[in-house]
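Read through the structure below, which is laid out as structure tokens, and then see the notes.
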């Protein structure tokens, strides 16, 4: 066999792969230190009234609760620990009050009147943009095929295109991905155009992936509907989003409210039930007070492409970790930048037919939250950007406090325990001779403390109560789910939420510590299908949670049994964190609850046609690609030709940075006596180089198989 040279590998004609001709848009990074002033339209009376309810109500409740806490600790000389407890209590209470008052605003939310414009009147083009990163290609392509077929059936196939932008960096995943996309193109041929591009450099992760797409092909489209790997939207929803964009030339982003579905574990079913019953109330509340100053969640939303390119380019943050580098939670910032430039960013919670999936277990959520926590904490460096609207700053602050609240809550518990120990050593008779759960501490007003506790718990449950009340009076939920089953489901959801909350408290607290120590979250593929975790791994993940729970329980049992009773829900969750984590991924318990009609959602009672289609398509895609590997490509002409028809020409190496992986592959092929031997020597990066260069692949094919 003739020895390969670098020259023969690089003398290829430029290959467009499975992409259209480039139509670039310039997407410059935005300057946080200055901005062009824009005149904004008045938000309107509805938004003003909702802001008064949400923020005015939360402020009033927080002032009242803080005043009550001051009275509680003012029975004697107030210590430093007591003042600290008052401060921490206020910081946690305000977010509880905001959620409650926001849900009240959402309960009376009037809704938005949708445009009546017909898509047949539009000459605009929308792309369904699917960024992927080592995802199951059968699942992603099945969802895209079902959406494409539905659009074609609705007569909208020519107004939409599908574009998969891949950042996958595992060779076996890439092989399956190109095969699945080829099948997707075949199935939608003549109905909806399907394009595919895989990046060779995963710069700036998902935000960089979308940025590169806009910079190269953004000019081809008027709107992009950004999807996640588990997204599914029905055709009427896709068409309505495009119509709404057409009807309002000021509209920059329209965000749907994705409902969770397909949950087959306990944790996923808890999440999707909560999202179905309580989620709309919370979303309505956010929608009504934010008005046009809305937020973007990174997927299941439609974006005006040219406006996005002109206004939402992300800079690289300077400074020290965790605030420096690429902006991780890019969606919040992109929405804020578009709004800063005058474009409206709105949510449409009443628009149905938008779905996503939940992480299947507590462990999977913890992994995802580590990445989200780092991105949200990074927003501390963005909050001061010039020209941002205050609601957009508040969205970022809410995301930050979503994780900072955990160490604050933990500190509040620790302070309570420390003060209980201090009181134990004061030579005072705390209890009367009769049995009582409540100590007569000389430095606290116990009766007022109980009243404040009851008030706090009631406020905490307001969003759930209002969501449940709305669900009971909603025919679309009451008929398929039943009032009794919804009520029992809410009891189950609240029970497990109470147990899982303290575990998340410690998980998020550790995340915060790691982030401020400069530890990076990395970029891992999100788990969609739970396959179980060994007990040893669960033990390592939660042993410290268990030990902390046991230590606090022992301390309170000795020093303050009454406080132990009040903290028992928190302590039980920590002590049982290992079995609770295992239980979160239980498919058996999920099946039992579903059989009993608990934690159900309407889509389980009667699945929409697009969901049924998606499941059928996934089975078909899986049969095609599940066993596909590089070895199979080597032995089937059709398969390898299909793969390389999807591959773009790799970028030219720069001076001083030779293509080491390609060079290594060439030498290993030259040295090997068989395909098996050569592949056995190659790293994943080298296999990616092999799959990127047809000449290298053909040279490997020339070797004997084994």
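Each Cβ is built from the backbone N, Cα and C atoms, and glycine gets one as well.
Just so you know, TrEMBL annotations are computer predictions that nobody has curated.
As recorded in TrEMBL:
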- 52-74: transmembrane segment (TRANSMEM)
- 80-109: transmembrane segment (TRANSMEM)
- 225-419: domain 'Glycosyltransferase 2-like' (DOMAIN)
- 403-425: transmembrane segment (TRANSMEM)
- 449-473: transmembrane segment (TRANSMEM)
- 485-507: transmembrane segment (TRANSMEM)
- 542-559: transmembrane segment (TRANSMEM)
- 571-590: transmembrane segment (TRANSMEM)
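Of the two recorded stretches, the transmembrane segment (485-507) does not lie close to the transmembrane segment (52-74), with fewer than three CB pairs under 8 Å once pairs fewer than 6 apart in sequence are set aside. Counting Cβ pairs closer than 8 Å and at least 6 residues apart in sequence, the transmembrane segment (403-425) and the transmembrane segment (80-109) reach three or more and so form a contact. At the 8 Å Cβ threshold, with sequence separation of at least 6, the transmembrane segment (449-473) comes into contact with the transmembrane segment (80-109) through 3 or more pairs.
Taken together, the residues of the domain 'Glycosyltransferase 2-like' (225-419) have an average pLDDT of 96.
Listed as Cβ neighbours of the transmembrane segment (80-109) (distance under 8 Å, sequence separation of 6 or more from its ends, same chain) are residues 50, 53-59, 61-62, 65-66, 69-70, 73, 280-289, 398, 401, 405, 408-409, 411-412, 415-416, 418-419, 422, 443, 456, 459-460, 462-463, 466-467, 469-470. When Cβ-Cβ distances below 8 Å are used as the criterion, the transmembrane segment (52-74) is approached by residues 82-83, 85-86, 89-90, 93-94, 97-98, 100-102, 104-105, 285, 289, 443-445, 448-449, 451-452, 455-456, 459 of the same chain, each at least six residues removed from its ends. Within the chain, the transmembrane segment (571-590) has long-range Cβ neighbours (under 8 A, six or more residues past its boundaries) at 263-269, 360-363, 498-503, 506, 530, 532-533, 535, 538-539, 541-543, 545-546, 548-550, 552-553, 556, 564, 599.
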